[in-house]
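A short write-up of the structure that comes next.
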């Protein structure tokens, strides 16, 4: 069924949306280590801005239920999740072989509370997907999520668990097609790889390409097998500005929405594509970055907004605060209110910062060639794929009466402190026992061994149904019969 979008009001992006926001007050306490550019403290700074701008009172505010091991294993390998669960800074020296095997150590260090951090940010993204599936909100936000580099069996690029893949798998229970859009400066390789051979998920990544981490995301990487033309890569050079970015973003996304017709959209809002980022080399303004959010919102499709990269943390907080306002349809004042992190934003103490005068290496001719190539690829998809469901996994069930339905106008109390009601519960996945029944298919799928030899992106990925019954093989996806206990 694809009824979620029908609950959204019609009209342009000025129309109010019901927005649900996930935040755990502990998330800012996690620390990757001295000198590491990834700082979860930026999530706490963002939340403080939201509180003092008065935006929290316009949203449902939820503390995420931590993702359980079994939730993480819907995508990740059991032994990898078990390793993350058990490794500590004190014991890591006894596990050197596993550290190397799972790519944990340098960019992705072991730190105190690592697994709890993973459970928290993944829980927010999965929870957002569940809320969207049940129609309890039009837009769900989890700024702690968006860690798009994590692979099935390894950490990568400061990312341990791929909350985006897990959220998309949840959305696929309700929606035949899900669109993933990534505006982080780095290629969304982990998400692309996970869905490279299916036509149920389209991935679109706008990123710096050429001698830049993670090194993937060539315009010629378009998907494989049933997923051919369902991966779009927009390779950009240093200094891209607002005008050039939207010269590509708007026509490409418009065509994607027309041709693919997703039932839900996940937008990864990595803020390292902003001007002045510590690790980035783009030249987007906060308004230019947020224009992508505004544009996606205008399609009136259930929308999950996630964080991602962003290493000049004062600008990350500025960006995600402003984009929360965009999601709500609320214009946020440029003059910043006094709050506990006010000193981070001097000397101007404003929400917006001007782009730099750096050179833009993206010529109009280059952008035109990229645009024409990608629009041509999309023209080869004449219409949205017809998806046959034989048996579908059961919707995640409520464990108790949902407070959103009891009182749809209940909002965050501005007179209370910034901590969230600990008793408010999220929907958590039901316990299911799955009996896998092999469905008959007319067209046998190529073995993954052949795919691995042909397409590097599919490494470490198998076509078999995993332990929890989620089939990530090429379409048609025949979900195994499930039995609820």
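Using the three backbone atoms N, Cα and C, a Cβ is placed for every residue, glycine included.
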Feature region 'Disordered' in TrEMBL, mapped to one of the ranges 348-384, 385-421: 385-421
TrEMBL annotation (region 'Disordered') - matching range among 428-456, 457-485: 457-485
Residue pair residue 149 (active site, proton acceptor), residue 272 (divalent metal cation binding site) - Cα distance, angstrom, rounded: 14
Listed binding-site residues (107, 184, 272), ranked by Cβ neighbours within 10 Å, top entry: 184
Neighbouring C-beta atoms (10 Å sphere around the C-beta of residue 157 (substrate binding site)): 21
Those residues of the chain, 6+ apart, with a Cβ under 8 Å from that of residue 311 (substrate binding site): 37, 38, 39, 272, 277, 278, 279, 280
Output field, divalent metal cation shell: CB within 8 Å of site CB centroid, site 184, 186, 272 dropped: 185, 207, 270, 273, 279, 280, 308, 309, 310
Residue 184 (divalent metal cation binding site) to residue 107 (substrate binding site) - Cα separation in whole Å: 18
Recorded substrate site residues 107, 157, 311, farthest C-alpha pair in Å: 14
